[in-house]
Amino acid sequence: MFIHYIDLAWRSLRQTPLVTFLMILAIAIGIGVTMTTLSVYHMMSMDPIPHKSDRLFSVQLQTMDDGETWRTPDDIPYQLTYTDAINLDALPGEYLRAPMLRSGFSVHLNTVSSKPFIENTRVTGRDFFTMFDLTFLHGNAWTEEQERDAAPVVVIDEEMAKQLFGKTDVVGESVFLGERRQEIVGVTKKWRPTIKFYDLNNGSFGEAERMFAPFSHVKAYDVDTWGNTNAWKFEETRDFNDKMNSEMVWVQFWVQLDTPQQHQAYGDMLMAYMQQQQKLGRFNRESLQYSLQDVNDWMRYNDVISEDNKILVGLSFMFLAVCVANILGLLLAKFMRRAPDVGVRRALGASKRQVFYQHLVEVGVLGLLGGGLGVLFAQLGLLGVSQTYDYYAGLANMDWIMLMSAPLLAISACILAGLYPAWLVCRTTPATHLKVQ
Amino acid sequence: MLDMKAISKVYQTEMVQTHALRDFNLHVAEGEFVAVTGPSGSGKTTFLNIAGMLEPFSGGQYCLDGVDIGKLNDNARADLRNQKIGFIFQGFNLIPDLNLYENVEVPLRYRGIKSAERKRRVEECLELVGLAGRAKHLPQQLSGGQQQRVAIARALAGRPRFLLADEPTGNLDSLMARQVMELLEQINREGATIVMVTHDPELARRAPRNIQIVDGRVTDFTLYQGRSAATPLAAGG
């Protein structure tokens, strides 16, 4: 019977092409607008590293004196001091860890033909690559010795390798960061998480870095951050060394803790570390506090999805509701005009339920057609978003979940619009319709 | 087959109450061919609609083939209508988007009959009314008489035991009317109970039993002995 209903629906839609076109257009526009905002929202809110997001933790320490406040919900600064980052990096234990900051350099090959360009660089520990699932095409991360000795080495990604050398297998080649010559020890596959969750300081959706350098370079070569540096008290900082020894916070720190036991042990270690630092005159506080937040908690904590985005999604659904209301009006007129046919069907043995289903299948087919066109409109909308705002380029696309959701949403919206007209047409007494024939 | 006791039907508007049927009593036995006559507005069509469960009645008791209709919900009434009743309307009431084959197939689909059986029955019924060659035609491509024959084929496709016909020849010329009437007589001879509303006294006289409705009541019935294959002497009040 379902196939028969689809056949009837198709005939009915073809019978009134203009009304059908208007209804499909209305639902397609509604779906287009809704799916555009919903897709961006979906990409913003999706887990960027689902298989291990609950094992990666951002570390925060409450370094401020009692009475000081921060703009976070729990008053703990987002970042760590350089001192704390170095000390936490040196703590014992078999777990992955990565201090990090965003810096940048003028990159060139020191040849006449090489045109220098400015490149953001992630300055971090060697565990970073394992923790955040970067894949090496050639070579590997720098060694522990190279890290300790601040060896002049870097890792770049395949895109940058092609840009510099026209090929990806460039391990052993040299690249210049300003005046410094660095050896390339590894080339990674292109890595562009939609959300830059590991460093949310300068925008959550910025592009991931294409070049990586050991964290020991910070001290060895005075590599300053290109991200945020925040201070909570006055400190005189005349040079970079002063900054490294200050209570300013400018370094991110992540650990990978695979078990609850590791999590507990690491928390205990952080408390012990803070108590030890208290004895050295830091952490002037009554109660010591730390925070370990996994990837999804960290994104919520940092308001990755702003209220504006949520409001925008809400408004797009309201627009869809307006489209649904328009379709409802058109369906009402169309179905009531067909009431005599329904009367005949009822007289010939169709139950109210069968007539109701027949009409719901028709609006379902309408929704499917509108949903298909709506996906096209949404693609245009997303193209517009990505062309207008570079910032959203990585987010303005539909994954398969959104592609599947669009027709489902369209069908649901149309069925919602069709419920009342279908109910109205099926409940009228058959004799009333037959009399008008 | 049909048993109505003290049936009443009142149409209520804000201003006025209209009694279409009042204290309406009628018994039609299995296999009868009954012609219902009466002046316009007397309640003939209302009676036919109630008999076919196309509209509810206001009071009284109506049993069809032993089933008390007043106790059935809408779905059960639709089922019963589909299983036991065939309709022939004055205005044909064919569905314009469906071709003849599909029109005749409609009641069979609602009965859940399998495709092969549906095909067999539809072809058989179209053959019976002489329109097998026009199965793919749309209703508007046929004459009035042909359309009425399609309506009869549709009514017969479900093999109903009870056929309700409302002015089945009202829109036809005399030749076509005679053909349709002969078809109904043939169906009656094969065992179907037929109740036919008509204005035409000549047509009514061809039915073995006549009843007249005036002001919503059965006022007279006449029995023409020997006309029908089955002629039980049932009477209405």
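Glycine is treated like the rest: Cβ placed from N, Cα and C.
Annotation source TrEMBL lists domain 'MacB-like periplasmic core' at A:20-259.
Positions annotated as transmembrane segment by TrEMBL: A:21-44 (among others). Sequence-distant contacts of the transmembrane segment (A:21-44), counting only residues of its own chain at least 6 positions beyond either end whose CB sits under 8 Å from a CB of the stretch, comprise 194-195, 204-205, 304-305, 309-310, 312-313, 315-317, 319-320, 322-324, 326-327, 330-331, 366-367, 369-371, 373-378, 380-382, 385, 392, 394-399, 401-402, 405-406, 409-410, 413-414.
Here the transmembrane segment (A:311-335) has Cβ contacts under 8 Å with residues 12, 16, 19, 22-23, 26-27, 29-31, 33-34, 36-38, 41, 359, 363, 366, 409, 413-414, 416-418, 420-422, 424-425 of the same chain, all six or more residues outside its ends. The transmembrane segment annotation in TrEMBL covers A:311-335 (among others).
If you look up TrEMBL, you'll see A:315-430 marked as domain 'ABC3 transporter permease C-terminal'.
The annotation transmembrane segment is assigned in TrEMBL to A:356-380 (among others).
Panel annotation: around the transmembrane segment (A:400-425), residues 27-28, 30-31, 34-35, 38-39, 42, 320, 323-325, 327-328, 331-332, 334-336, 338-339, 342, 355-356, 359-360, 362-364, 366-368, 370-372, 374-375, 378 of the same chain, lying at least six beyond its termini, place a Cβ under 8 Å from a Cβ of the stretch. Sequence annotations record features per position, and here TrEMBL assigns transmembrane segment to A:400-425 (among others).
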Secondary structure tally of the domain 'ABC3 transporter permease C-terminal' (A:315-430) (DSSP, helix then strand then coil): 101 helix, 0 strand, 15 coil
